[in-house]
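Going by TrEMBL, these are the annotated features:
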- Ala11, Glu32, Leu40, Val76, Trp359, Gly366, Val367, Ile368: FAD binding site (BINDING)
- His147, Gly148, Asn149, Val150, Arg191, Arg192, Glu203, Gly366: NADP(+) binding site (BINDING)
- 2-158: domain 'FAD/NAD(P)-binding' (DOMAIN)
Amino acid sequence: PRVCVVGSGPAGFYTAQHILKHHGGALVDIYEKLPVPFGLVRFGVAPDHPEVKNVINTFTQTARSERCSYIGNVTVGRDVTVPELRQAYHAVVLSYGAEDNRVLGIPGENLPGVYSARAFVGWYNGLPENRDLKPDLSCETALILGHGNVALDIARILLSPLQLLRKTDITDSSLAALACSKVKRVWLVGRRGPLQVAFTIKELREMINLPGARAVLDPADFTGLENAVKDAPRPRKRLTELMIKTALEKPVEAQAGAAAPRAWGLKFQRSPQEVLPSADGRRARGIRMALTRLEGSGDSAKAVPTGDVEELECGLVLSSIGYRSLPLDPAVPFDSQRGVIPNSSGRVEGVPGLYCSGWVKRGPTGVIITTMNDSFDTAQSVLEDLQGGVLDISPSREGFGLVESILRSRGVRPVSFSDWEKIDAAEVARGQAAGKPREKIVDPAEMLRIIGH
């Protein structure tokens, strides 16, 4: 059987890995729109979290298997359609993730100074489409809308001492911009309360221990919460206890009474209403927020506006309220309300032989391990359908042979895994010169030049 996987992030690679491991004869081709693989492991994981990127070693083993091929620089839906892939393969798995972000839907969100977390993370991580972002870091106060791990990542990158970032694979240009940054205070704002935050304890602890930055948490926000979390699941309980402890601790003033030069804090039960423009209307100068009260409790609590509002001055607004998947091809059913492909255990509804895994299957939540389990689940569905005869593999399919001639007729030149390894070697060599693990190449045209395309 020939299987095609669209997207080379964790979902794509874990799906391929599981199929190859549990079917001794399957051939798997992984398609990727960029010349370089690994999706959010390369472009989403924070530069100062190198240990999370170790999964790349596993993915590299998978890509080097003689039954697996990586085909980069090919945009499915444009260079080749999903119906064309279904003619070339016995099964097609869509694992292309979430390439857009949710919008706030409030006045002023398009003002200069307002950025999506997705674009900002893409900028410091070298995602080609965000390489020209040039965020304005000339203000003292930044405000991040959202209480997830991505929001904490951004706060940490904005406030980290430069000597810590210099040793990471953060891009050269974003390091230069952060070196000139005037940002001293970062507020992380959420619509709900401390019991509903989505970040995890590891990320919070890292933020609390960040050198040169102190935490500003208001003890009043945590009144009575010790009792409320008594019977909560252990991770939620420990996370809340750490916030309470941090809120109650007196800041350790450095010698001679000097406070830490930078600060960050959490604000709760505030919902953004409008980004306020500067006097000349040319940029963001603050944000107006509705104060909210919670109806219900736990994860299902809803934030309802109280009628009171509050304004906060800030020159930089980062919206970290979630990623969003987009439809890939008119031939694929898509639930635009939920931003997922309708499926059951990864089998796309109404289209036999078509599957999905990862964020486009279940929505943009969870960490790499969540995606791994989810992808194994989809791969299992493919294997069951192969074994149960749901997928007819008697007609031989040409796989990449057929796709290659389609691509050639459209002037598209794919990139192989050994091509990627040349780009990888060039990045590592450039990084070594600067004392970094790698210096990412951010321009696809330059990537293609390196491999002689």
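Keep in mind that glycine also has a Cβ here, set from the backbone N, Cα and C atoms.
All features noted in TrEMBL, drawn onto the structure.
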residue	record	Cβ contacts under 8 Å, 6 or more apart
Ala11	FAD binding site	Gly39, Ser95, Gly97, Ser357, Gly358, Trp359, Val360, Lys361, Thr371, Asp374, Ser375
Glu32	FAD binding site	Gly7, Ser8, Gly12, Gly39, Tyr70, Ile71, Gly72, Asn73, Val74
Leu40	FAD binding site	Gly9, Pro10, Gly97
Val76	FAD binding site	Val6, Tyr31, Lys33, Val82, Leu85, Tyr96, Leu328, Asp329
Val150	NADP(+) binding site	Ala117, Val121, Ser320
Arg192	NADP(+) binding site	His147, Phe268, Gln269, Thr292, Leu294, Ala301, Ala303
Glu203	NADP(+) binding site	Asn149, Leu152, Asp153, Arg156
Gly366	FAD binding site	Asp374
Val367	FAD binding site	Asn149
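Long-range neighbours of Arg191 (NADP(+) binding site) (same chain, six or more residues apart, CB within less than 8 Å of its CB): Gln269, Arg270, Ser271, Thr292, Ala303. The 10 Å shell around the Cβ of Ile368 (FAD binding site) contains 17 further Cβ atoms across the protein chains shown. Most buried of the binding-site residues His147, Gly148, Asn149, Trp359, judged by other Cβ atoms within 10 Å, is Trp359. The binding residues for NADP(+) are recorded as His147, Gly148, Asn149, Val150, Arg191, Arg192, Glu203, Gly366; their greatest pairwise CA distance is 20 Å. Note: the Cα of Ile368 (FAD binding site) and the Cα of Gly148 (NADP(+) binding site) are spaced 15 Å from each other.
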